[in-house]
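*Asks:* Pasting in a structure now, in structure tokens, and then I'll have a few things to ask.
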């Protein structure tokens, strides 16, 4: 069962997990957060992970939901000293009418220019700790001053074991399937879903974002799979033309591959490497391709630029 926020239309927001049980986490992290929830009240917490999209903000909100807290959510960049002294203090000082625990979530509080706010928050935490908890999310733990870290439970998460990775990807695939069912998105090829998850792991936010992007026509099929995996086949037609010194064919192929130069030159070098004679030809391959790549950004005509490289390779390479 997945949470659905019908007020949202962006899939990432519409299907944001609302509880720790729904969050896809490494086993140790899941147990840690469940233990915090079981106590009914939260300590001051810093959630940090260098990887984006691993669920820091989602976990912070889920913790609040699971203890039925009255939550105030603040973007870290807005949390200047005046905001701490004003709205944050007013919230922390007031008592919940329903007797709920109170939690302030400060998202991405590791941004530059917030040191003064962080210093003021030290005494803030001590003064209001009996009535209000603070959860801070951060990508860079060094962006949080040491005195603030010492007052919080610092939890680094998003470092799964190999066993965790397999389990988490399976859960994410299942979640993607549920989202597709609810959105009436046809999954013509399950490999697309698996490829999206594997490609973006552990950034599940990007995974959902790309699902949103690629499902705009209502179907996930083999065509989408080729885009996701960047599997555009081989450049064997170019290699055959070079082997045969077929200049006319190379001229016809140059426009086809010039559109995605970065992919083409990487693929060309990779496939040529396995087919050219060892020694001088391998050196020539890297010299010519490397020089061409170096000046790619300066070329006014990419098709001509690609054709020039192909002619050089045709003349210089010896094949097995």
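Note: Cβ is positioned from N, Cα and C throughout, glycine not excepted.
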*Asks:* Same ATP site as 12, 13, 14, 15, 53, 54, 55, 56, 57, 58, 205 according to Swiss-Prot: which of 24, 67, 187?
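*Replies:* Candidate listed by Swiss-Prot for the same site: 24.
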*Asks:* Given the ATP binding site residues 12, 13, 14, 15, 24, 53, 54, 55, 56, 57, 58, 205 in the record, what is the largest Cα to Cα distance, rounded to whole Å?
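*Replies:* The ATP-binding residues span at most 17 Å between Cα atoms.
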*Asks:* Please identify, from the binding-site residues 14, 56, the residue with the sparsest Cβ neighbourhood, meaning fewest other Cβ atoms within 10 angstroms.
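*Replies:* With the binding-site residues 14, 56, fewest surrounding Cβ atoms within 10 Å: 14.
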*Asks:* Among the binding-site residues 12, 24, 54, 58, which residue has its Cβ surrounded by the fewest other Cβ atoms within 10 Å?
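*Replies:* With the binding-site residues 12, 24, 54, 58, fewest surrounding Cβ atoms within 10 Å: 12.
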